[in-house]
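Here the structure comes first, spelled out in structure tokens, and everything after it is commentary.
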Amino acid sequence: MHPASVTTTSQDPCAPSGSCRGGRRRRPISVIGGVSFYGNTQVEDVENLLVQPAARPPVPAHQVPPYKAVSARLRPFTFSQSTPIGLDRVGRRRQMKTSNVSSDGGAESSALVDDNGSEEDFSYEELCQANPRYLQPGGEQLAINELISDGSVVCAEALWDHVTMDDQELGFKAGDVIQVLEASNKDWWWGRNEDKEAWFPASFVRLRVNQEELPENCSSSHGEEQDEDTSKARHKHPESQQQMRTNVIQEIMNTERVYIKHLKDICEGYIRQCRKHTGMFTVAQLATIFGNIEDIYKFQRKFLKDLEKQYNKEEPHLSEIGSCFLEHQEGFAIYSEYCNNHPGACVELSNLMKHSKYRHFFEACRLLQQMIDIALDGFLLTPVQKICKYPLQLAELLKYTTQEHGDYNNIKAAYEAMKNVACLINERKRKLESIDKIARWQVSIVGWEGLDILDRSSELIHSGELTKITRQGKSQQRIFFLFDHQLVSCKKDLLRRDMLYYKGRMDMDEVELVDVEDGRDKDWSLSLRNAFKLVSKATDEVHLFCARKQEDKARWLQAYADERRRVQEDQQMGMEIPENQKKLAMLNAQKAGHGKSKGYNSCPVAPPHQSLPPLHQRHITVPTSIPQQQVFALAEPKRKPSIFWHTFHKLTPFRK
């Protein structure tokens, strides 16, 4: 999550905070972001500004990248082979202001020349002067909590899906607008999405540049509100429109400059030092950890130079930067390689961080380069975040660009182009990261039979409890998990309701869903409510299911449509998970479950499926178009003992 400085324009007097939102006019408010500079020096200020909420659950205990505690603080120690060269020269960089006149006669610009002779197009001091607030420790938290305590609505847009089976965490999909209600913790914020309030990872969202007065329910899908918001924005007062467009342009320019500094620090602060220590790192290890980030750095430098040429410093709202994105849209494809490599980089880095020698080395690199207090894995996440931010920034810029503006058509085309790039990369990343959780889920199921779930599936679409009706009219309560290509049936343990037993599966490629109207079914001679059928294409065998509520049935019907659509999209895009990654995921899951206590018949006891350990980034692949059903929270329906014991010994109709 990139922090933000906050600037406000003139405002009218209003009633005390919280008394009359309609009477106060305090717009536009700009939240212009850069990079996280969290610290502990202003924690008390943050707490004082925070509006005390109602009783809330504790902040989730697990860490959320990029703020994982993998870097140990350096204590004085003797220099060794794991100490980066030049650590004894740590101090303020020697600054030289040089005048560079561009070939087209542009204005002078400052360059930063460090002790190694490398040159950058802007200096750290210039960044501080341009954005004094967000470069200060705790600047973003102070800015957000000031707005919240003043009664303002603060909204953020989701960069990625956040799917969770934890009631205390907020689930959302990429592009959703989330109202931020508390930002006292640097990793987890409290927010509202639709009608639910819970914790969510701060690094998963981007604050809106222009915080406008929104309806009480600020959360909505980005795609659904885009046209409506754009239409409203274009009817605003011209001066307000220009100011808001200026805010977005400045955010794009400022975040791009800070991003370049991050890339430079990674390449010069980490990679350069690692290559000098051949005894610690192999070429293959460095390729795994850093991927093609040096190529990204070269590309982004050229992209920023072109942006600077199109940037109008005197009147930023007149800047025409859309053409820059269109000219470089093919170059952004290099991010796909980096994002696909990123999960492997996290694994390799995590293995190295188990050794104190590497922890000290990477921390020394950070100190030598005078980088902000974020661990290396946090810096390596920034390219993944950046490529997902471009569509959100361009969407907001388009919102405040009139159709008469010279850059309107280019911005619109650039938004569509970058959205497609980000969607493809995000989808590939979600697929890779989902397989670990699916593997752990399978290991937790008692009595699993047949092929591994990953042999055919890579995505959990939906899950929930259904009643399966047999031809004899008997009911069987089962929990179903719908993956791409297959539907898995499980049964709860009679005594331990958190334990699941494998009962069978169905091939979704070989069945069709048929909706059943409420009333008496002639084929089954039963009165049915909230029912649907799965009919085999080959044998015409029919499986009848009933949901508890009409809403549950609607979710299953939508989930079936989503499953078919996702399978087709994967085939069109050639989306396949490498076999070696599937095998590695299963191997890691089996190792994690090895040695646990045994249950009935020496079967491993399954942990509660609702509390499976979270994945890196926690944006696994439950479908984004439907809410996840909390199946573990459902009450067990009452059944007559005689029916239960009569059917206890019978096999499920599902084919194993």
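Each residue, glycine too, has its Cβ placed from N, Cα and C.
Under the heading compositional bias 'Polar residues', Swiss-Prot lists 1-12.
Residues annotated as domain 'SH3' in Swiss-Prot, with sequence analysis given as evidence: 151-210. Helix, strand and coil counts from DSSP across the domain 'SH3' (151-210) read 3 helix, 31 strand, 26 coil.
Among the features that Swiss-Prot reports, domain 'DH' is placed at 244-428. Taking the domain 'DH' (244-428) as a whole, pLDDT averages 92 in the prediction.
Look at Swiss-Prot and you will find 459-565 tagged as domain 'PH'.
Sequence annotations record features per position, and here Swiss-Prot assigns phosphoserine to Ser82 (among others).
Feature annotation from Swiss-Prot assigns phosphoserine to Ser118 (among others); the stated evidence is a large-scale study or a structure entry.
As annotated by Swiss-Prot, region 'Disordered' applies to 1-26 (among others).
Here Swiss-Prot flags 85-115 (among others) as region 'Disordered'.
Residues annotated as region 'ABR (APC-binding region) domain' in Swiss-Prot, with similarity to another entry given as evidence: 102-154.
Taken from Swiss-Prot, the feature region 'Disordered' applies to 215-242 (among others).
Among the features that Swiss-Prot reports, region 'C-terminal tail' is placed at 565-656.
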With DSSP as the yardstick, break the domain 'PH' (459-565) down into helix, strand and coil residue counts.
19 helix, 57 strand, 31 coil
